[in-house]
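Annotation comment: TrEMBL describes 12-36, 160-185, 191-208, 220-240, 288-308, 328-348, 360-382, 388-407, 414-433, 445-467 as transmembrane segment. Taken from TrEMBL, the feature domain 'Major facilitator superfamily (MFS) profile' covers 14-472. Residues or ranges marked as region 'Disordered' by TrEMBL: 84-116, 486-514. Feature annotation from TrEMBL assigns compositional bias 'Pro residues' to 94-108.
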Amino acid sequence: QPWLATGRASPRLVLGVVFVALLLDNILLTVVVPIVPTFLYTTEYEGANSSASSALPQPAPAAPRAPPFSSVLSYFDNSTVPVELPNGTGSSPPGLPPGTPQTPNPRNPEPRGCLEGGEFLAQENTRVGLLFASKALVQLLVNPWVGLLTNRIGYHIPMFIGFCIMFLSTLMFAFSGTYTLLFIARALQGVGSSFSSVAGLGLLASVYPDDSERGSAMGIALGGLALGVLIGAPFGSVMYEFVGKASPFLVLAFLALADGALQLCILQPSRISPESTKATPVSTLLRDPYILVAAGALCFSNMGVAMLEPTLPIWMLQTMCSPQWQLGMAFLPASISYLIGTNLFGILANRMGRWLCSMIGMAVVGISLLCVPLATSIYGLIGPNAGLGFAIGMVDSSMMPIMGYLVDLRHTSAYGTVYAIADVAFCMGFAIGPSTGGAIVRALGFPWLMVIVGVLNVAYAPLCWLLRSPPATEEKMAILSQECPMQPKSYSPKEAPREFPLTEESDREAENVE
């Protein structure tokens, strides 16, 4: 078909495919954030207590001596007394026989909406953190191999493999009822995300060779990532509260099928198209200090929001007594501001300097994290979370194009390996953050966790100054001088041409002396 041939040659449609792939990946990444803590609390803590209470011996029924209206009056306090079901069975507090009414204590009223089991919630910080970190840990291990695979067979087949794995992971999330199955589904998502993100970003860098156009395209693609983060947590909390646990994942599975059909039409996943130039080895790229500085900025800036994902909902349950729908809405300001930041600074960062944009962004990340524990309600989280999302958008939209620019400037222009390193840095933040964040909260508390990661970001920010004008290698300067004769002024040294007039003057002086 002519329109298919035109679409396969259009960089904009390739950008659209990568946008949708990153969108679905990050919706699935964040949709579980408000669901998993309350789902585990409901299935494990309340389930264990209800089974324990049903195992207690039933006392012999005594003659009723209560006043005739006592049972009716007790039903007005619906926060402490369970409602009797029509068949005569009802839930009762832990430790009491079923059907036993609980009399409220007027001296010590419990806050409405707070969950019981403080020790269980404290232990759940670690378990939920490990569950969230499993995706990033698996992605961390798979990324280098995907980068090598894209250099051999191109980007089309890995993109489609990523879609297939993501679809399977989404279905597993929908029908998993235990912690173990949720853990496996999250780890499987890491494999699919590795294929989609590395191949997608490398494909964008190859179809947009111009540095300014590449920066704008990366900003739009990261806008898909931001939109996924924006939709995921509120969508998951509302659907889980009012429809059910499986509903958000089934919707995502349907959208993933549409993305797979789009990839079949546009990307030609049956064609093997290896890179025309031999890629720089991963070990060489990892020894480049400028690539390491850029990767570190991606890692530490995203580590803050990665630590918030498992710990903030549980902290809100303990201190604010928040209802279920608010746990996902707390991340809404960060997601909206991240969407604005990536689209705004995808273009603006190239004008003001990407190194300056990332340095300011990391400083704002640290300050925003320090302000999070000061909130006493969900409204107090709006400002810190909005600043956090906007600043991370500044860093991501600056560092992703810098990775491609550094490879063009200092190495061979094959992008699969360097974006595998960028994704590894991103995943290290999302692996170290949740896995250590839960343990730090249990040992020191949530406020100290925010202080530690906030100070870490502020301390790392000055290192971005090193990316102000990275030098090119000698071999790369020779290639640039042959391919772009109008552009060597920004790369070639200016000391060599000054030697020629000096030697001519010395010859003239020698002739005058003679």
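If you go along the chain as it appears here, the first residue is 1 and each next one adds 1.
Cβ coordinates come from backbone N, Cα and C, glycine included.
Quantities reported herein were computed from a predicted structural model and do not represent experimental measurements.
Using a cut-off of 8 Å between Cβ atoms, the transmembrane segment (388-407) and the transmembrane segment (288-308) share at least three residue pairs, counting only pairs 6 or more apart in sequence. Within the chain, the transmembrane segment (414-433) has long-range Cβ neighbours (under 8 A, six or more residues past its boundaries) at 132-133, 135-137, 139-140, 143-144, 146-151, 155, 190, 194, 197-199, 201-202, 205-206, 275, 277-282, 285-286, 291, 294-296, 298-307, 309, 399-400, 403-404, 406-407, 453. The predicted model assigns the domain 'Major facilitator superfamily (MFS) profile' (14-472) a mean pLDDT of 77. Same-chain residues lying 6+ beyond the ends of the transmembrane segment (191-208) with a Cβ under 8 Å from its Cβ atoms: 11, 14-15, 17-18, 21-22, 25, 29, 135, 138-139, 142-143, 146-147, 150, 155-156, 158-159, 161-166, 168-169, 214, 217-218, 221, 400, 404, 415-416, 419-420, 422-423.
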